[in-house]
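Novice: Checked Swiss-Prot, it gives:
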- E29, D40, H108: Fe cation 1 binding site (BINDING)
- H31, D40: Fe cation 2 binding site (BINDING)
Amino acid sequence: MVEIRLSSGKILNKKVHKIGVIALGSFLENHGAVLPIDTDIKIASYIALNASILTGAKFLGVVIPSTEYEYVKHGIHNKVDEILDYLRFMINWGKKIGVEEIIIVNCHGGNVLIEEHLKNLEKELDVSIEMINITFTHASTEEVSVGEVIGISDVKRLEEHTNFEKYPEVGMVGLKEARRNNPIIDQEAKEVETSGVKVDRELGRSILKNAIEKVVKKIEEKIAKK
């Protein structure tokens with residue numbers, strides 16, 4: 001058998017190869033005029049991949065299905081079980097290449113619905129699983145600013161973006177059912193109605209820097225325990 005040189009390259013140390021990083025977001029979700037429908041998974045992938053590059057942890061890829069609260073209607077989503085099945089597939093393959101611990105970088109609020117199932121998945125697959133949630137008011141200033149930094153925001157369409165009748169999902173301002181059912185969503189929508197949506201590259205860079213550092217720190221903590 002070929003000897004794999006675990007200590008090669010710019011990595012924290014060879015223990016980092018036992019840690020796998022997965023991106024979780026959504027692929028089919030309206031984000032107004034400025035942002036694409038797969039904004040969440042692109043942001044999650046950017047954060048997860050950069051944390052992997054900085055540490056040497058294995059970037060295992062992206063989860064394709066996503067889920068959402070029933071009362072939030074701004075995209076096409078899947079069942080919680082479908083996400084868990086996809087994670088089983090990814091994690092089992094990760095185990096075959098030496099991964100023992102999983103960090104999920106999630107950038108879609110609806111996916112927090114899977115968290116209560118992760119302990120059972122850990123026991124079933126005999127791995128450690130931890131989810132880091134990095135979410136924003138939907139399609140609003142923070143998300144648009146992050147999107148501008150990573151190159152996915154079409155800022156020329158910002159004025160159109162805040163037409164809440166045409167794009168009710170922006171800030172969830174026009175998603176009446178979601179606002180009725182969730183006071184946090186309603187509060188965020190009120191703030192967007194009042195303040196609008198702005199593009200702030202400095203804010204976007206700061207959010208990304210802090211998010212990547214958060215994942216890197218978690219990887220470092222896991223290595224320190226090994």
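First residue shown is number 1, and so on along the chain.
Placed from the backbone N, Cα and C atoms, the Cβ positions cover glycine too.
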Novice: Measuring CB to CB from H31 (Fe cation 2 binding site), give everything in the same chain under 8 Å that is also at least six residues away in sequence.
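Specialist: Those within reach of H31 (Fe cation 2 binding site), by Cβ under 8 Å and sequence separation of 6 or more, are I37, T39, H138, A139, E143, E169, V170.
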Novice: For D40 (Fe cation 1 binding site), what is the tally of other C-beta atoms lying within 10 angstroms of its C-beta?
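Specialist: I count 30 other Cβ atoms within 10 Å of it.
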Novice: Taking the centroid of the Cβ atoms of E29, D40, H108 (Fe cation 1 site), which other same-chain residues have Cβ within 8 Å of it?
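Specialist: For the Fe cation 1 site, the extra neighbours are G25, S26, F27, H31, D38, T39, I41, S66, G75, C107, G109, G110, N111.
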Novice: Determine, from DSSP, whether E29 (Fe cation 1 binding site) sits in helix, strand or coil.
Specialist: strand
Novice: Note down the number of other Cβ atoms within 10 Å of the Cβ of H108 (Fe cation 1 binding site), including every protein chain shown.
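Specialist: Looking across every protein chain shown, the total is 26.
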